[in-house]
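Enquirer: Feature annotation from Swiss-Prot assigns 2-oxoglutarate binding site to N193, Y195, H204, H266, R277. Annotated coiled coil per Swiss-Prot: 67-116, in sequence order. Here Swiss-Prot flags K57 as ubiquitin cross-link, drawing on similarity to another entry. The SUMO2 cross-link feature in Swiss-Prot is assigned to K328. Residues or ranges marked as N-acetylalanine by Swiss-Prot on the basis of similarity to another entry: A2. According to Swiss-Prot, the phosphoserine annotation covers S64, S69, S87, S325, S371, S384, on the basis of similarity to another entry. Feature annotation from Swiss-Prot assigns N6-acetyllysine to K132, K235.
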Amino acid sequence: MAAASGYTDLREKLKSMTSRDNYKAGSREAAAAAAAAVAAAAAAAAAAEPYAAPGVKRKYPEDSDPERSDFEEQQLQKEEEARKVKSGIRQMRLFSQDECAKIEARIDEVVSRAEKGLYNEHTVDRAPLRNKYFFGEGYTYGAQLQKRGPGQERLYPPGDVDEIPEWVHQLVIQKLVEHRVIPEGFVNSAVINDYQPGGCIVSHVDPIHIFERPIVSVSFFSDSALCFGCKFQFKPIRVSEPVLSLPVRRGSVTVLSGYAADEITHCIRPQDIKERRAVIILRKTRLDAPRLETKSLSSSVLPPSYASDRLSGNNRDPALKPKRSHRKADPDAAHRPRILEMDKEENRRSVLLPAHRRAGRFSSENYRRKSYEPGEDCSEAAGSPARKVKMRRH
């Protein structure tokens with residue numbers, strides 16, 4: 001049998017079979033080692049490029065991913081801007097609970113006197129969910145000017161607003177002087193902003209050509225927040241995320257200067273006024289601040305020659321709009337949506353829409369009286385105090 005299989009004896013056949021088994025085992029071990037090496041290489045590649053799909057070569061390395069890089073850049077810019085804002089802010093808690101209560105009682109007296117009509121016309125400025133009371137110096141802003149925008153604000157003539165109440169000097173200003181927050185004699189303008197829940201003030205910069213720096217404010221009645229770098233949208237009102245949200249506590253003093261006062265807007269958001277809140281803003285007007293040269297305006301219609309009578313050298317001050325009524329708002333006024341300047345502009349534009357785009361609630365008589373040819377200046381009937389609105393071509 002051994003001869004038929006080609007082996008001379010059984011020992012040679014056993015030796016031959018052992019050699020083949022060793023060869024096969026070695027081949028299997030080599031194949032396993034090779035497979036392990038390939039798997040290790042793939043794992044290393046996946047670790048190096050975690051966002052790459054299998055078998056797809058990345059076009060950009062991770063560090064140069066455009067979307068990721070843009071997001072990180074925006075975050076870095078926001079953090080840098082927040083750092084600049086913080087560099088221009090000082091905060092301190094100076095007023096105790098008892099001191100706050102005394103000052104808040106005085107603020108209530110101001111509100112009561114205003115409701116009785118005991119202040120000058122330009123001392124009080126009313127808006128839904130927010131009233132302002134100017135003392136020492138007052139100025140025109142926002143809807144009060146026909147020509148709007150930064151740099152158009154003007155101080156009222158001397159005497160058009162009431163003097164700073166003595167209690168503001170004794171209870172507020174003197175304490176700030178004692179703690180060296182402001183120097184003696186710095187303040188000549190005090191404004192009290194009185195907010196109801198949901199009230200707000202849109203993003204703005206205190207007029208640089210009107211007021212010196214710093215700007216000092218003291219908070220009363222409740223806690224809130226002062227936000228920097230927000231953008232407002234209206235109908236419904238919405239506010240973007242701030243660059244910095246600064247908590248302001250009852251009895252705290254906030255001092256703005258530098259970048260925080262001049263290079264970025266600040267605002268009070270509606271969601272940050274959960275309870276009644278008041279703030280006393282103390283400032284100093286610039287010696288070269290522009291001022292209206294005429295006496296206070298009444299709510300009557302201005303004569304056509306009014307503008308020519310208000311020349312001061314080569315400068316013409318923009319005419320004031322008639323002031324709002326000083327009647328007390330009805331009880332439901334605080335619960336209606338706040339009417340802001342962008343809303344008013346949209347309402348004016350809606351009057352000028354063609355017939356097929358107007359709502360059916362407008363009568364033909366109203367349409368006849370409020371329809372004009374494009375490009376013309378339009379106003380109400382003679383004798384109306386309404387401001388002229390220039391139509392836009394669409």
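Heads up, the Cβ atoms here are built off N, Cα and C, so glycines get one too.
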Enquirer: Measure from the CA atom of K132 (N6-acetyllysine) to the CA atom of N193 (2-oxoglutarate binding site) and give the result in Å, rounded to a whole number.
Expert: 5
Enquirer: Quick one: of S69, S87, Y195, R277, which recorded positions lie within 10 angstroms of K132 (N6-acetyllysine), measuring between C-alpha atoms? Sequence order, please.
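Expert: Of everything listed, what lies within 10 Å of K132 (N6-acetyllysine) (Cα to Cα) is Y195.
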Enquirer: Measuring Cα to Cα, how many Å separate H204 (2-oxoglutarate binding site) from S87 (phosphoserine)?
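Expert: Cα to Cα, H204 (2-oxoglutarate binding site) and S87 (phosphoserine) are separated by 19 Å.
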Enquirer: Going by C-alpha positions, which of the recorded positions (S69, Y195, K235, H266, R277) is nearest S87 (phosphoserine)?
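Expert: Looking at Cα distances from S87 (phosphoserine), the smallest one goes to H266.
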Enquirer: Looking only at N193, Y195, H204, H266, R277, which the record lists for 2-oxoglutarate, tell me the maximum pairwise CA distance in angstrom.
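Expert: Across N193, Y195, H204, H266, R277, the two farthest Cα atoms sit 19 Å apart.
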Enquirer: Take the Cβ of H266 (2-oxoglutarate binding site) and count every other Cβ within 10 Å, whichever protein chain it belongs to.
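Expert: Its Cβ has 24 other Cβ atoms within 10 Å.
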